[in-house]
Structures are given as structure tokens and as C-alpha cells.
Amino acid sequence: MNLIICCTPLQVLIAEKIIAKFPHMPFYGVMLSTVSNKKFDFYAKRLAQQCQGFFSMVQHKDRFNLLKEILYLKRTFSGKHFDQVFVANINDLQIQFLLSAIDFNLLNTFDDGTINIVPNSLFYQDDPATLQRKLINVLLGNKYSIQSLRALSHTHYTIYKGFKNIIERVEPIELVAADNSEKVTSAVINVLLGQPVFAEDERNIALAERVIKQFNIHYYLPHPREKYRLAQVNYIDTELIFEDYILQQCQTHKYCVYTYFSSAIINIMNKSDNIEVVALKIDTENPAYDACYDLFDELGVNVIDIRE
């Protein structure tokens, strides 16, 4: 049996493609997420339907629950053996402990998003070398780090064909198929993709409200991890993540999709004549986020600078 570990709805979409490559091998699915909402629950169920066995857990960031959940994962998975393991978030401490608790023959990785192809992202760095982290690793038995898992990965499955990834051995997969519907001539619907860029909700709300007004946004699709609510825009209420939703809707409507630096627009670029994408350049206060705009330029994305 193979093991596949997901942390986001996008990873579930990728996982479905990977599972399809092994039609005669059963999979055990794991869904670890930092939030619980209908979107995450919907994709967790989709993953479970593809797997012979399934485990899910909502993760917490506070120290007490983090340690409690590490012990729970170790107890749940200790001694289990898998042929191949597939994982995206090699930086996640709880995933590192889960991997330390099991035996496996082969480790493979897959994309978490543009973080995989943006230089100097956290996947190209190592874990924090703090005394606290070292003590946790030693006392609770973590055998792995970001870089040791990169080195161990046999194959990396990527939705970004032609780009350098965290390891050299890559196998491209097509996340979504092109839509061959006829070009729609109706009025364009402007959609803003939600993205919690800043730690403070107030800053995210202020930025979104400015963009909504400036670009005449008709609809807002919140990020799966968003917990705040905007007042002056119509929400798209769907269990589907952006890629699934927009490729259904573009068959009968024409869209212009605005984002800050979401990898989602890369996933649907050139998939339909009824979808246009625009990236809005902002002050992110994060070099890894800023590097996304260089990537967008390379891909030919229309980038509009709205920095104040």
C-alpha cells in the first residue's frame, strides 16, 4: 500500500492525478489541515473516496496542541509500513514526525504551489536551528528535515512543467484539462481571488476593499483559509476551489480573474479563451512572495503595479 499526505485542496487535486498513475496499488490517504470548513471537508472526502484507508486531523499552532498532536500521530502510525510515500509539505513538523514513525521503501514529493519553483522559498532552506526545535526532534524522535527529505525524494510530481523544482527528477502532471467551449461574447465578470497576505485581518480587508473599488470587482472567491468577511462585494459560495470552479463556469461566462500572487492563475492560464488573468503587484513584505511577480513576468501574465 502507498501513503499520500495532503494539506490543502490543491494538493488533493494533485493527489488524485498521482493515484490514477497507480491503478493497481491501494492508497492510504492522510489529510492534515490548519482549518476546518466546508471547502477543506469537501476535498478531504474526495481524497478519502480515492483511498482504501483514510485519516484526517485539524492541526493547531499552539505549543501544547502541537506536541499533543505529534504524539497522537506517532501513536497512530507507529510501525506501519508503506511501499511508496507521496508528500508535498516536507517543511511541516508533524509530517516529519509521521514519516519518522513509519517504514517505507520510497519517498516521492509533489507540488504545494509556486513555493516549489520560486527561488529561496522555504523549501530551499532548512528547518529552524533553535534549541527548542532540536530538543523536540531528539526527545520525540524526528529523523527528518526539509533538506534530508529533499535528498531522499525519488521523484517529484509537478504541475509546473519546464520549471526548476526542489529536486531534479520531476514528472509533469496536467492538473486541469483545457476547456474547448466556444468563446463567450457576453459581458466580462471580474473576480478577485482572496488571499490572506498579511497576518492582520484589517490589512487584508483594507487591501481587498481598495482593489474591489478600483477594478470594479463583481465577485469575490475567498481563500480556503480566510476567516474574515468583506462587506461590499458578492461572495462566490462554493465547495470547489478556484481551478475546479472557474473551468466549470467559463463554459458559459467570460471572466477576468484578479489576484495578488496566487499560483491558481498559473494553473488555469491558456486553458480557456473565456478566462483572462491579471496579477496585482503589492507590497508583500516577503521576498518569496515578491519573487512570484518575476515568475508571472516570465509566464507573460499581465501584472499591474498598485503599490502606494
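Heads up, the Cβ atoms here are built off N, Cα and C, so glycines get one too.
According to DSSP, D201 (active site, proton acceptor) is assigned to a helical segment. The active site, proton acceptor annotation in Swiss-Prot covers D201.
Per Swiss-Prot, the feature CMP-N-acetyl-beta-neuraminate binding site maps to L221, P222, H223, P224, R225, F242, E243, S262, S263; the stated evidence is similarity to another entry. Secondary structure from DSSP puts L221 (CMP-N-acetyl-beta-neuraminate binding site) in a beta strand. Taking the Cβ of L221 (CMP-N-acetyl-beta-neuraminate binding site) as centre and 10 Å as the limit, one finds 23 other Cβ atoms among all the protein chains shown.
Remark: H223 (CMP-N-acetyl-beta-neuraminate binding site) has L193, G194, Q195, P196 as non-local neighbours, by Cβ distance under 8 Å and separation of at least 6 in sequence. According to Swiss-Prot, the feature active site, proton donor maps to H223, an assignment based on similarity to another entry.
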Diameter of the CMP-N-acetyl-beta-neuraminate binding set by C-alpha atoms, the set being L221, P222, H223, P224, R225, F242, E243, S262, S263, in angstrom: 16
Residues satisfying Cβ distance under 8 Å from D201 (active site, proton acceptor), sequence separation of at least 6: K227, Y228
Fewest-neighbour residue among binding-site residues, criterion Cβ within 10 Å, set R225, E243, S263: R225
Reduced DSSP assignment, E243 (CMP-N-acetyl-beta-neuraminate binding site): helix
